[in-house]
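A.B. asks: Quick paste from Swiss-Prot:
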ACT_SITE  Asp134  active site, proton acceptor
BINDING   Leu18, Gly19, Lys20, Gly21, Ala22, Phe23, Ser24, Val25, Val26, Lys41  ATP binding site
COMPBIAS  316-345  compositional bias 'Polar residues'
COMPBIAS  377-391  compositional bias 'Polar residues'
MOD_RES   Thr284  phosphothreonine
REGION    316-347  region 'Disordered'
REGION    369-400  region 'Disordered'
Amino acid sequence: MMNACTKFSDNYDVKEELGKGAFSVVRRCVHKTTGLEFAAKIINTKKLSARDFQKLEREARICRKLQHPNIVRLHDSIQEESFHYLVFDLVTGGELFEDIVAREFYSEADASHCIQQILESIAYCHSNGVVHRDLKPENLLLASKAKGAAVKLADFGLAIEVNDSEAWHGFAGTPGYLSPEVLKKDPYSKPVDIWACGVILYILLVGYPPFWDEDQHRLYAQIKAGAYDYPSPEWDTVTPEAKSLIDSMLTVNPKKRITADQALKVPWICNRERVASAIHRQDTVDCLKKFNARRKLKAAISAVKMVTRMSGVLRTSDSTGSVASNGSTTHDTSQIAGTSSQPTSPAAEGAILTTMIATRNLSNLGRNLLNKKEQGPPSTIKESSESSQTIDDNDSEKAQKQDIVRVTQTLLDAISCKDFDTYTRLCDTSMTCFEPEALGNLIEGIEFHRFYFDGNRKNQVHTTMLNPNVHIIGEDAACVAYVKLTQFLDRNGEAHTRQSQESRVWSKKQGRWLCVHVHRSTQPSTNTTVSEF
């Protein structure tokens with residue numbers, strides 16, 4: 001399947017564009033020999049960072065081994081000098097959720113059939129050591145527009161490979177579908193996909209999600225607590241068996257959560273003709289229409305924001321005669337409106353045009369949504385303003401860096417305040433250090449520092465961390481380097497400031513960041529009223 005030498009153009013004719021991402025475009029293509037149609041994801045590898053390239057290789061590796069009727073299949077993977085081509089099934093049926101609202105009849109039994117196909121794909125993934133991590137409506141497609149077309153799971157860009165003896169720590173997924181263990185930054189594995197299935201099944205039955213809040217922090221608090229319910233009247237007509245399955249999927253403790261294989265054996269799924277209700281659910285269809293409209297509106301807003309940022313960097317690079325290394329572009333509103341007198345590069349013009357098209361689509365979606373609101377949407381519609389935006393490991397890395405800066409500042413504050421209890425909670429008992437007070441010796445453990453906490457408690461000391469630079473070293477380790485300013489009063493009450501360069505290595509153990517090494521470069525002070533250690 002992997003072809004590293006044959007040119008893509010030698011085997012495929014490229015047709016119209018089907019979609020576009022930050023560093024890739026999806027086009028319909030036709031195999032020259034067989035005449036079969038496919039969807040080619042074309043990635044510009046010149047614009048990828050080393051981390052992004054690793055993700056691409058991981059996605060291709062995972063997709064190559066997944067061969068299932070309910071998964072969008074990868075048929076070919078071709079690496080060329082500047083581009084990588086992933087050739088997938090061409091699925092023409094659109095999103096599952098969009099198809100449901102166009103149906104004349106939709107029942108609980110239909111929802112059972114939908115979730116069964118999703119669970120079949122997830123069970124297959126899990127049996128092959130793959131966790132999808134981004135189950136959501138946008139990634140549930142239909143093979144064709146034919147009645148009864150198979151549901152296809154798509155987009156394995158965030159998928160990971162795991163085994164039964166290991167867990168993952170990366171923060172990835174889409175907010176409304178994230179599991180409690182991911183939000184708590186606990187180790188996680190296959191059960192995260194089952195939680196997302198529970199959210200999807202809830203939506204399939206009533207047309208709105210189980211967790212909702214306009215404030216993302218409150219949304220996350222709901223999810224971590226598993227705080228959802230079955231309000232009347234829409235849930236009164238749902239069978240107890242369906243609610244029981246949702247409860248088993250939305251179990252906060254991942255160890256007690258039902259597995260995909262177990263869920264497939266539940267009578268509501270494997271014997272739906274006898275257990276699931278066959279009554280048409282018009283209210284669900286109506287709510288789902290509004291749910292879809294909100295998803296599309298938010299996607300358009302995200303597209304406008306992304307393209308605006310991207311086109312501005314391109315504008316900047318064009319005016320300076322250089323190209324941004326990450327390939328992103330951004331520009332201001334006046335340039336979009338055409339009020340700038342500066343000449344525009346062809347690439348910038350394309351970015352501006354894309355922004356204008358996205359803005360037009362956004363306006364149309366906004367009008368449609370307003371029209372739907374005027375028709376009187378039910379008060380039970382629930383959707384978070386953030387719930388459709390996918391979070392990947394890059395977002396996780398930003399959050400991880402912020403955590404490192406925060407915990408480092410807390411440690412410095414503990415030193416300034418002579419708070420040895422907090423200091424010991426933040427430092428590993430075997431922490432090593434190089435510092436002037438040790439006269440060039442490598443010190444192990446924290447007892448050496450106790451002396452500085454026990455003495456001079458009345459000194460006023462304030463520490464400021466400047467320009468922290470965090471390097472992430474895997475999932476459980478990080479290094480931070482910074483300039484430290486220490487302000488203090490001497491015995492005569494005169495203020496002094498001392499500057500030093502410091503670096504700390506942090507390791508996450510049992511869910512907590514602990515400092516395992518510190519190195520500080522400065523001359524020991526002749527003034528003994530304060531130590532910086």
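Keep in mind that glycine also has a Cβ here, set from the backbone N, Cα and C atoms.
Describe the structural context of these features.
C.D. replies: Under the DSSP three-state reduction, Asp134 (active site, proton acceptor) is assigned to coil, being neither helix nor strand. Other Cβ atoms within 10 Å of the Cβ of Asp134 (active site, proton acceptor) number 24 in total over all chains.
For Leu18 (ATP binding site), the same-chain residues 6+ apart in sequence whose C-beta sits under 8 angstroms from its C-beta are Val26, Arg27, Arg28, Ala39. DSSP assigns Leu18 (ATP binding site) to a strand segment in the three-state reduction.
Proximity of Thr284 (phosphothreonine) to non-local residues of its own chain (separation of 6 or more, Cβ distance below 8 Å) is seen for Tyr106, Leu204, Leu205, Val206, Gly207, Glu234, given in sequence order.
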A.B. asks: List, in sequence order, the same-chain residues at least six positions removed whose CB sits under 8 Å from that of Lys20 (ATP binding site)?
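C.D. replies: Listed in sequence order, they are Val26.
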A.B. asks: Are there any residues in the same chain, six or more apart in sequence, whose C-beta is under 8 angstroms from the C-beta of Ser24 (ATP binding site), and if so which?
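C.D. replies: Within the chain, Ser24 (ATP binding site) has Cβ neighbours under 8 Å at Lys41, Ile42, Ile43, Asn44.
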A.B. asks: Does DSSP put Thr284 (phosphothreonine) in a helix, in a strand, or in coil?
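C.D. replies: Once the DSSP labels are grouped into three classes, Thr284 (phosphothreonine) ends up as helix.
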